[in-house]
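Input: a single structure, listed below in structure tokens.
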Amino acid sequence: MENSKKVIFSGIQPSGNLTIGNYFGALKNWVKLQDKYDCYFCVVDLHAITVRQEPKDLRRRTLEVLAIYLAAGIDPEKNTIFIQSHVPTHSEAAWLLNCFTYVGELERMTQYKSKSKKYEDGNGSVSAGLLNYPVLMAADILLYNADLVPVGKDQTQHIELTRDIAERFNNAYSPTFTLPEGYIPEGGAKIMDLQDPTKKMSKSSSNPNSYVLIMDSPEVIRRKINRCVTDSVGVVKYTDSQPGVKNLINILGAVTGMSCEDIEAKYEGKGYAEFKNDVAEALIKELSPIQDKVNELLQNKKYLEEIYKKGAEKAYYVSSKILRKMQKKIGFIPVSR
Ligand code: AMP
Ligand code: TRP
């Protein structure tokens, strides 16, 4: 029965605290997919170390991301939830796939170009990990023969590369991998930076006022929304010429399910103060129960351990089969273990 369901793989890096962009753009949609698909949701800690991480922060955030997955409603009974570094097949497959990927392809990735520029400006060195990152992502996806990969627009280039690598391998030997497709679920909102609404809200921004974190307290949420950049038009209208207001409408719509038209109508003739206040209160109402649940889960490390252990076992079982296929086709000598 399970095998007839399409497979979904996705992951979030524990490289920063998760924002409402991750929540509305990823997590909230994942929850809706869990009944229809066979889903693998991974905390991609191997990806996070492509830039330097403080060990104790990485440990804390990895568990927190896992707890947020659960608190957001991802059911560990229905899905495979795991931590990437617990499943060694990912690193192994990434090496093999590296040998089917061209340096030129990797250098062409937009994310690599922008991230490497950022680090060049700092202390001069860009890790090979940053360049190879999309190959690890390809391994994540191909090891489960995922059909669909729900991600934001910024990741579509990496998925195209995954398809190219998979096709190259399939052509060199014989059909091995499913060619995955990016999947942007309906209603998947793109949440913009609160200080510069032409940019995507990102957990790696250096200015904390530019994002709301899933774990931000009510006071902090009120302050950040209150101070967010809007415009001097003074009308709540869903238009590209008012990107700050448009973003707040998207946020309010994502929380309440109201359409843009309903929101425009509700705030007709009213100022931004009342609108912002309502956005903040709606966010607080949505996030408070999740925060309580996350805090409760983080108190119960044994329970979290049970979940990530079980997830890793299942992920290892499934991915090993594909890894063994790859090794065999490449010409490695099999050994029974
Ligand atoms: P990242 O934070 O870049 O690791 O992204 C993890 C997931 O959250 C990806 O699927 C992203 O597309 C999604 N995501 C991150 N930031 C946003 C945002 N501002 N709006 C919508 N989705 C986002
Ligand atoms: N690169 C993705 C991001 O930064 C995270 C990620 C890693 C991922 N491996 C993946 C997403 C596999 C989907 C599938 O958002």
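Every residue, even glycine, has its Cβ placed from backbone N, Cα and C.
Note: TrEMBL annotation is automatic and uncurated.
Every protein chain shown contributes to the tally, and the Cβ of K203 (ATP binding site) ends up with 18 other Cβ atoms within 10 Å. The ATP binding site feature in TrEMBL is assigned to Q13, P14, S15, G21, N22, G152, K153, D154, I191, K200, M201, S202, K203, S204.
Per DSSP, the motif ''HIGH' region' (14-22) is made up of 3 helix, 1 strand, 5 coil. What TrEMBL records for 14-22 is motif ''HIGH' region'.
Taken from TrEMBL, the feature L-tryptophan binding site applies to D140. Taking the Cβ of D140 (L-tryptophan binding site) as reference, residues of its chain lying under 8 Å away and at least six apart in sequence are, in sequence order, F9, G11, C42, V44, Q84, H90.
Beyond the ends of the motif ''KMSKS' region' (200-204), by six or more residues, the same chain brings 15-22, 152, 154, 190-194, 210-213 to within a C-beta distance below 8 angstroms of the stretch. For 200-204, the entry in TrEMBL reads motif ''KMSKS' region'.
Beyond the motif ''HIGH' region' (14-22), the same-chain residues lying 6 or more positions past its ends with a Cβ under 8 Å from any Cβ of the stretch are 43-45, 47-48, 51, 53, 58, 61-62, 64-65, 68, 190-191, 200-204, 211-215, 251, 283, 287. Neighbours of N22 (ATP binding site), defined as other CB atoms within 10 A of its CB across all chains, total 25.
For ligand 1, the binding-site residues lying close by, meaning a CB under 6 A from one of its atoms, are Q13, N22, M201; the full candidate list was Q13, N22, K153, M201. Secondary structure at K153 (ATP binding site), taken from DSSP and collapsed to helix, strand or coil, is helix. As a whole number, the greatest separation of Cα atoms within the ATP-binding residue list Q13, P14, S15, G21, N22, G152, K153, D154, I191, K200, M201, S202, K203, S204 is 19 Å. Q13 (ATP binding site) falls outside any helix or strand according to DSSP and counts as coil.
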